[in-house]
Amino acid sequence: MKITSTSCICPVLVCLCFVQRCYGTTHHGSIRGTRNQTKHIEGETEVHHRPKRGWVWNQFFVLEEHMGPDPQYVGKLHSNSDKGDGSVKYILTGEGAGTIFIIDDTTGDIHSTKSLDREQKTHYVLHAQAIDRRTNKPLEPESEFIIKVQDINDNAPKFTDGPYIVTVPEMSDMGTSVLQVTATDADDPTYGNSARVVYSILQGQPYFSVDPKTGVIRTALHNMDREAREHYSVVIQAKDMAGQVGGLSGSTTVNITLTDVNDNPPRFPQKHYQLYVPESAQVGSAVGKIKANDADTGSNADMTYSIINGDGVGIFSISTDKETREGILSLKKPLNYEKKKSYTLNIEGANTHLDFRFSHLGPFKDATMLKIIVGDVDEPPLFSMPSYVMEVYENAKIGTVVGTVLAQDPDSANSLVRYFIDYNAEDDRFFNIDANTGTIKTTKVLDREETPWYNITVAASENDNPSLLSHVTVGIRVLDVNDNPPELAREYDIVVCENSKPGQVIHTISATDKDDFANGPRFNFFLDEHLSINPNFTLKDNEDNTASILTRRRRFSRTIQDVYYLPIMISDGGIPSLSSSSTLTIRVCACERDGRVRTCHAEAFLSSAGLSTGALIAILLCVVILLAIVVLFITLRRSKKEPLIISEEDVRENVVTYDDEGGGEEDTEAFDITALRNPSAAEELKYRRDIRPEVKLTPRHQTLSTLESIDVQEFIKQRLAEADLDPSVPPYDSLQTYAYEGQRSEAGSISSLDSATTQSDQDYQYLGDWGPEFKTLAELYGEIESERTT
């Protein structure tokens, strides 16, 4: 390939143009082009040319954490218009101007007055301005510049997530990754090695290692065994400056735990065990425990136990307790010391969760031998059967043998056994048992229809040790004998229609028997052979334990005979057979053409109305009694006597009620006007009933006449004289008692009649003493009194 001079010059020119552009933009040092200012003055154009000016400075840096006594020099601002005569004044504004950064307004030197921290603020943005000191006019436009804080290595690496807790399976391969740790450095990663971190392990060797660049922790050994050591503490260091001398460092702790794997088989502590079990141990109960040890933990130590061989395989069983990991030995069948005194079992314990990576460490199971010694125990008697069932016929005589139970002493001593029935307090004792032989007999006559089955409990004990008891249940079934005749299943209401035809079935009947099925059905129905043939009805046995009632003639009449009676016989199928007789009542009723009953005799009518004969009689009696009471009341009203005095000029009685402040007078019944009307009534009312009369009055015989022929005045005078002289008559004028309202008034009662005095005896002069209100009343009565006197 041929390269010409033209092709080489062009790239060089392009690079120079790029450098010049960057230099002028970055450092604000490019010479600004002159700007033409055009003025229009009276049609002429005047052009002014401005001289070229510009800022001159380098990029500013300030070192962080400067602790010197003098302010730290940052840099210098300079304008091309500054001739060094002090006419240019430099002004600094922006972040930290005047507080952190100060400027010499004459020279443009910038100093830092405080210690800065790059980790808090990496740079500051400020503005520079150059003005004429005399006119305060800007010589340069305001320009922005940046002061960067230069980093130093003042921050150590830090582990943000420590300390760490991590696990790794035991027996892991070398180089297995455990954990990656990361440390951070707050220094500037773009400047020097202040933030370049290198990892190393300070503690935990030779078991673990760490990658210096990534911080990944790995296992450094093969087959680390948890059973030998489970916990490890590893210290990791992170150092900046790429691990060089003088670099800052930080550390963290990583706690590593080896998790378990199934790498250990179970082991029995002993190869031979011996266990004592008494022969009285209950079937299903636990008789012993055995345990194999496993160095693993959790599910890796789970195991199951089994009986692999031995002469007690069918007698004992073993199960596993998952919580304690023990083998529980239980009894499957009862033990008998007299038959076998010891057993031998081979028991195996095997892990249930296997890890095939470690199968070469197996087998993961172990076996041991267990010898069981059976202990001799004095046992209660043993019945020959677990339960007994016996039978006896009902109505058997008292003392009938039902059956026999048998119990023996299972021990070698073979002592005698006694029997008794274990009754409850409320049981009715129908049986007893011979204490020596165990024979059960009846003590009462049994009835199968009342109780078909009995359950009793028989107990047996040894003579030498009565406290040892054994029990057995004896069920006694009562067998049936044919001792109950059949009877009708229910009461039948049989109806025959008046328009019935011969051979018509009017009803079907059935029977029941309290005896067992063998002595009950089949039932036979028939008419009594000793009676004459019934001309009206007959009976047909349906041979299915039912019978039909049939008519033997046409038409029945209620007016001639409304009820018929049909005697029948029923026999059962027992041996010997029993029979009974019953009488069927057949009513004659009027029916519709379709056979529906329309009406029967009076009893049927009452039944349809819902009333019985007794209820109807009671209703009729009540009606008769009510009618008799009404008639008697009317008769008494009509027979009442009229009063003797009947006149149009009869005395009128007016009762006037005033405001009475007392309890009423005692003489309210003293005067009765009927005495003037009926003299005989007056004779009854004039005597007092509260006292016995002192003088017996002679009866007065006088002929009564009509009211027109009697002198009323003489009659009244005569009665008044008799009343005044008779001490036994009621007092017509009596003292009235009222509520007490002060001293007794001098005025007397004016509401009663004085039968023994007259108005002339009254003295009304006292009215003048009552006051001026009663003066007129006193004068009025005084004049009347004076007129009477004259």
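Heads up, the Cβ atoms here are built off N, Cα and C, so glycines get one too.
Swiss-Prot lists ASN36, ASN255, ASN455, ASN536 with the feature N-linked glycosylation site. Among the features that Swiss-Prot reports, domain 'Cadherin 1' is placed at 54-159, with the record citing sequence analysis. Summarising the annotation, Swiss-Prot assigns domain 'Cadherin 3' to 269-383. The domain 'Cadherin 5' annotation in Swiss-Prot covers 487-608 and rests on sequence analysis. Positions annotated as phosphoserine by Swiss-Prot: SER786.
Taking each Cβ in turn and tallying the other Cβ atoms within 10 Å, the top scorer among the glycosylation sites ASN255, ASN455, ASN536 is ASN536. With DSSP classes pooled into helix, strand and coil, the tally for the domain 'Cadherin 3' (269-383) is 10 helix, 56 strand, 49 coil. Here ASN536 (N-linked glycosylation site) is positioned 55 angstrom away from ASN455 (N-linked glycosylation site), judged by their C-alpha atoms. Mean pLDDT for the domain 'Cadherin 3' (269-383) in the predicted structure: 92.
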